[in-house]
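Peer 1: Pasting a structure here, questions to come.
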């Protein structure tokens, strides 16, 4: 759901009187594993209560590291294990399709939006600049347009997928959201030092290092669905997942928390009215996403979402501190996964590529 962040079960299977395959953290393995996930994740809300009782009474207890380290009365997970990537379950053909789709998307994005000689990106930004004489207002309007399209289409996802299908709706969603996100990011890069200087703290010793670390950590708060690249590109059929492990133990809305961290770090460092306006707009959009995301998950997953909501929190660490969320002793293993290693590499690469990104943005004259 993020503006600046750019942007994974098996249906009703017969109940089995044997342990369900689980990961080291006690979560159901992905769909490619033969043993099905708990039925309660997939049943309609009205059937989950009775099915949960049947599962608890008829299925033997599952054994895992989490079962050993956690209290005996801790309820089993009903959501999915986030950021799980298993190489043996990947298909080469799927990633070839992904590469082709990515190439086509980037080509069309450049042709129809970025390239000033053929695209409409500059005309879009110029039209807003012609109406509003303030960089701060233009910045806010760009975020407002993006947020309206992005969150609006997300709200219409349930109905839209019934009409055109999951893949077609994802193409529509990305096709409209991505160009608007690019315009917003480029305008921020080009005008981040415009406007009124409100404070100047860049000479404070150690501040750059603190803000850099905060900004680096913020990218580990990406929403887990972002890691499902094959679903993002509609190679696999997109699904509305209910995640429960990893970063979700810290906060149920990691994208919002990460965006706040990013905004605070950049606003403190830049210290002017344009950076402040961008942060206000982005944070407001993500706060709306907190309410809208919970509403959509509740509508899709019913009682399963209510169970996840009960043992998670919006405010980071709140559920842990008040005892509703108990971290397994090997919690760190939920981050020792390929998606987070990739985030580390990409975030560091993006930092060192800042001069190239800035030069590319300046060349567009948006």
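All positions are counted from 1 along the displayed chain.
Note: Cβ is positioned from N, Cα and C throughout, glycine not excepted.
Here's the feature list from TrEMBL:
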REGION    55-80  region 'Disordered'
TRANSMEM  95-114  transmembrane segment
TRANSMEM  137-156  transmembrane segment
DOMAIN    138-357  domain 'NnrU'
TRANSMEM  168-190  transmembrane segment
TRANSMEM  210-230  transmembrane segment
TRANSMEM  335-354  transmembrane segment
Peer 1: Return the stretch with the most CB pairs under 8 A relative to the transmembrane segment (210-230), choosing among 95-114, 137-156, 168-190, 335-354.
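Peer 2: It is 335-354 that shares the most Cβ pairs under 8 Å with the transmembrane segment (210-230).
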Peer 1: Below 8 Å between Cβ atoms, which of the listed ranges 95-114, 137-156, 335-354 makes the most pairs with the transmembrane segment (168-190)?
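Peer 2: Ranking 95-114, 137-156, 335-354 by Cβ pairs under 8 Å to the transmembrane segment (168-190) puts 137-156 first.
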Peer 1: With Cβ-Cβ distances below 8 Å as the criterion, list the same-chain residues six or more beyond the ends of the transmembrane segment (95-114) that contact it, or say none.
Peer 2: 120-121, 174, 178-179, 182-183, 229-230, 233-235, 364
Peer 1: Looking only at residues six or more beyond either end of the transmembrane segment (137-156), which have a C-beta under 8 A from one in the stretch?
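Peer 2: Distal contacts: 1, 3, 7, 125, 128-129, 172-173, 176-177, 180-181, 183-184, 187-188, 191, 274, 277-278, 280-282, 284-285, 288-289, 292, 296.
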Peer 1: Tell me, what is the mean pLDDT of the domain 'NnrU' (138-357)?
Peer 2: 96
